Amino acid sequence: MTSMAASSTTKIAWRLQEFEAHSSSISCLALGKSSGRLLATGGEDCRVNIWAVSKANCIMSLTGHKNPVESIHFNVSEEQVVAGSQSGSIRVWDLEAAKILRTLMGHKANITSLGFHPFGDFLASSSMDTNIKLWDVRRKGYVFRYKGHTQAVRSLAFSPDGKWLASASDDCTVKLWDLAQGKTITEFRSHTAAVNIVQFHPNEYLLASGSSDRTIKLWDLEKFTMIGSLEGDTTPVRCICFSPDGSCLYSGATDSLRVFGWEPDRCFDAVPVSWGKVSDLAICNQQLIGVSHQLSSVSSYVVDLKRVKKSGGAVIQGIIQDDQPLTEPKKDPKGAALRKNYERPTTTCRSQRLKHRSESDRRSPEGERRSPSEDEADEKLSSAEIHNAEDYKAIFQPKSAISRTPPKMSEPFPAPPEDESILAISRQLKDIKSPFPDKQQGPPLAASTPVVRVEPTVISAVKRPSPPAAGTVSSSHPAPTQPPVTAAKSKPQLKIISSARNEPIGLNVADFLPSSPNHRSGALSDEEALTQMKKGHETMCVMLSSRLKNLQTVRGVWTRDGIKIALDTAVSMSDPSIVVDILNIINPQPSLWKLDVCMTVLPQLDKLLQSKYESYIQTGCTSLKLVMKHFWTLISDTLKATPSVGVDITREERHQKCRVCCKQLKNLSNIVKNKATQVGRHGSTFKELQLLMAPLDDSP
């Protein structure tokens, strides 16, 4: 087996494994950045599960949250993990002692991001309530509350010297906070869409931020100016990670990894990686580990950084051509080499921090509302269930006291064989069992079901075990037994068709794989297999041809008469997919929107928000957020304004449009409130919208 793996000399990126991690959908996950070998997942089942990367056996399952887990993070030593829930509660677990360490209460809405201080016992959290709080883990209350963002904060990062905190928000800004003073140092405003991730350079006074505007901005923290804008990603930037020596920056987006340099801005390499919407990155042993989740399963991927270009590259002035030779740029003596470096703290810093913390502790009234007896009762309900004692002892309880935890694993993950055969896949498929026996495995949707996003039906979409060289999923090690979910049975809900599916719709891929010797009689002939594959094909072709024709008609109207008439034309076709296609074009471009466009779009959002297709719901939510963010102030001010003297036709028309939009928004607000009661990521999205639409309750 080893020789087979060693024979692969050309693979740059590969999937390490895919496994079922929870009994219901996964909400969040995080890698341990120090080792790159630990993974924590949080789910709608209210659990936090701890895994060793490359093994599909759960090491430990942490319980205690009463609501879905929305955010999760390891501390620097990977001895503690913190998880925030949909209700706003935060729990910190000690992984070595396998017990709950602290429950922190104070946020009033979903926890959106978490971060451990690089040293000391401090923790930062942000919520949908737009507040950021700094906690002392050894006390119940928060030390400081930082207010200033106007929308949800999506990412938090402490500076390497522990003096600053950076926050990235949906309000398109990045803020830098002074921890000791509890105030904003500066605010960066160059992004044009939500900022998803923020990261400090490991050594220099440099900050990177990745956004849904598909760019990464680099900020000089001495001059507080932007020194680079890295472009090239074709989808929102989801993760960023500096190389350990700080020489380059890795950017994770949907199905791609890019390697960037700055001063001057350039792209060294672009690597296609089929990880979908990657959620976290870590670097270890010259390998980059990326993890993503779909529904209840987790996938991990490896990129061999030894085979990735980390120098050269053309200066970013458009799309870089991969087939052109890359030339090494001249070194700029006035560049990053002269930038200030962080000073690591001396041992006296700790006593100063403790003194400051005790003086500031009185600033935390909300955290002190619970009595000690309430905390004790709550923490008794929280537990750490060890499911794999052998791995737990090896990682969290090393025999030698000198050994650091988790242990530094020096062996990189071996690449799989290049010529992996379908026969080998089919042999392993029959041995795969879901680690959650109570989980209902429903049949695939019928081929005639209309699909919004038409995706290629390929065998590689099948969930399969990782190659033997990287560690296989063994059914002999059961995952934790999950409590049966009964709420769904009592309240039937509309079945949402996910926009990201693990299996092709309308086809059973196992039908096209060579069957095992024990089941030769049931094997499909070539003719039967082709018939099965063609089922529904003609219907789908007719539907897609009609959709293309309609879109071409709308495009022609848009070119001739403008966006308003084009939208009216799309609506008149009575095909929601056409409306969704147009909205997906104009949603990233707020400058195209006017009050007239809002009047046309808002009535359509009613259908989209209540659709059974997840992609329709997502598009509808994005449009509604845009309208509230860019037009609500105008609508509200216009309706509250005192009537002008005389006849003002323009003002009357605007007043009428605002009145119509306000009425439509109030109708949508009722839908949003009902949907916000749902459990899971859809409920979380609608709760965020509900907060954004709160001003409607005070409108006339």
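Every residue gets a Cβ built from N, Cα and C, even glycine.
In TrEMBL, annotation is done automatically, which means it is predicted and not curated.
Listed in TrEMBL for this protein:
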- 19-61: repeat 'WD' (REPEAT)
- 62-103: repeat 'WD' (REPEAT)
- 104-145: repeat 'WD' (REPEAT)
- 146-187: repeat 'WD' (REPEAT)
- 188-229: repeat 'WD' (REPEAT)
- 324-418: region 'Disordered' (REGION)
- 357-393: compositional bias 'Basic and acidic residues' (COMPBIAS)
- 460-492: region 'Disordered' (REGION)
- 535-693: domain 'Katanin p80 subunit C-terminal' (DOMAIN)
Item to check | Close approaches to the repeat 'WD' (188-229) from elsewhere in its chain (Cβ under 8 angstroms; 6 or more beyond its ends) | outcome: 151, 154-160, 164, 166-176, 235-242, 244-246, 249, 251, 253, 260, 262-263, 265, 336, 339-342, 588
Checklist entry - How many helix, strand and coil residues does the repeat 'WD' (188-229) contain under DSSP? => result 0 helix, 25 strand, 17 coil
Checklist outcome for this item: Sequence-distant contacts of the repeat 'WD' (146-187), meaning Cβ under 8 Å and at least 6 residues beyond its ends, amount to 112-120, 124-128, 130-134, 193-200, 202-203, 207, 209, 211, 217, 219, 221, 224, 342-345, 349, 356, 360, 629, 688, 692
Checklist entry - Over the repeat 'WD' (104-145), what is the model's average pLDDT? => result 87
